[in-house]
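Notes follow once the structure below has been shown.
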């Protein structure tokens with residue numbers, strides 16, 4: 001049983017869309033796979049809130065309405081509950097800055113991942129925000145991925161500035177000593193010029209294969225995205241024989 005970690009160059013770059021595409025593609029190969037989002041936020045956009053004055057209103061860290069988690073549930077063929085594939089959902093963003101952030105227990109995340117690894121062939125673990133985003137005051141998602149020695153898939157939202165973000169993230173993944181299985185290009189800005197040139201340059205600079213290109217789509221979370229993923233051999237390093 002194996003798990004791998006999917007991260008992105010930023011927030012809103014299409015991590016969950018890429019997760020759906022990978023899950024669907026591997027299921028088409030007969031692999032039993034589920035997604036796991038250990039920490040989810042009901043909003044990842046930059047919204048000003050006065051945390052000191054809104055602790056009570058924003059303290060619902062066990063809600064079950066995160067769209068990313070719900071998309072992961074709908075993407076797998078397995079019958080999973082919200083609680084099974086999510087350890088914490090916050091109604092506010094970045095709980096590290098709030099009292100509620102203290103409720104995140106790494107031990108619970110470890111146990112939830114171990115439970116999924118024991119039950120399913122493969123577990124796609126989707127991070128939140130970017131690679132070095134803190135989980136608490138002393139620990140970030142990159143640290144947690146390293147503690148489990150999970151190989152990494154990087155989602156690059158193709159936009160202005162993505163070259164710098166992508167290369168810095170790749171460098172940090174390498175510094176953590178984790179293998180980069182590959183990267184996925186997600187076209188989040190249909191009007192961006194030089195798209196092909198950006199893909200070519202990233203392919204030249206990143207020492208890992210391009211696993212797929214997801215075009216700009218309307219409601220991609222409702223579509224069959226498997227056809228956009230290739231180089232599946234990079235994602236099937238795990239055992240692919242189901243237990244009897």
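Cβ from N, Cα, C; glycine included.
Between the candidates 68, 112, 143, Swiss-Prot assigns the ATP site shared with 12, 13, 14, 15, 16, 17, 186, 187, 215, 216, 217, 222 to 68. Residues 16, 68 are given by Swiss-Prot as Mg(2+) binders; from 84, 107, 126, that same site also lists 126. Less than 8 angstroms from the CB of residue 216 (ATP binding site) sit 187, 188, 189, 190, each of them six or more residues away in the same chain.
When Cβ neighbours within 10 Å are tallied across all protein chains shown, the highest count among the binding-site residues 68, 126, 222 belongs to 126.
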